[in-house]
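TrEMBL annotations:
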REGION    1-59  region 'Disordered'
COMPBIAS  1-20  compositional bias 'Basic and acidic residues'
COMPBIAS  32-59  compositional bias 'Acidic residues'
DOMAIN    50-148  domain 'PH'
Amino acid sequence: MHDKERYYHGESSEQQHKMTDGASNESLLSEDLVDDEGEDDDEFDDNAEETEREDELEETMSKWTNYIHGWQDRWVVLKNGTLSYFKSRHEMQSGCRGSMSLARAVIEVHEFDHLRFDVSINDSVWYLRVKSRDSRQRWIECLESQKAMAEAESTSLQRHGSMVSLHSGASLTSSSSFKVSQT
């Protein structure tokens, strides 16, 4: 197994810390990985990063697709109250595969799988699985934070009843909008 690198961005993009998962951690990682059987041959991208805001995340994780293809690795981005996913980090320029606003989302941790969490809106459910319990906890905290932000923005953007405009008598009876009838 080759070394996997994970990058974290702190307060500024200049402060990067690199953590390498070496061969000694291979047995720990193998417990948390999903069976690769039946998955795409896409290169596994284990880069994870926090963006400039503390509650914004980007990371490769597994997403349940369907019973034919099962779990597939996807690049997942949490930013500005929206959760989006891409086929891979390198294909972000091609556009996202899906996104959902967190304003009305339900975020649940899985009862038995300690690496999995689900995000749903109405009938749409994303089943997501990360590499570690710490990663899942970080995602849940950031999702909840972003959801609260999205809910606050959603309620503040709702239209309030407008006041009736007051018109002056002259504007109501201008020649262009009022026809004088002659008797």
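The backbone N, Cα and C atoms fix where each Cβ goes, and this holds for glycine too.
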Structural state census, the domain 'PH' (50-148) (DSSP three-state): 22 helix, 46 strand, 31 coil
Reported mean pLDDT - the domain 'PH' (50-148): 94
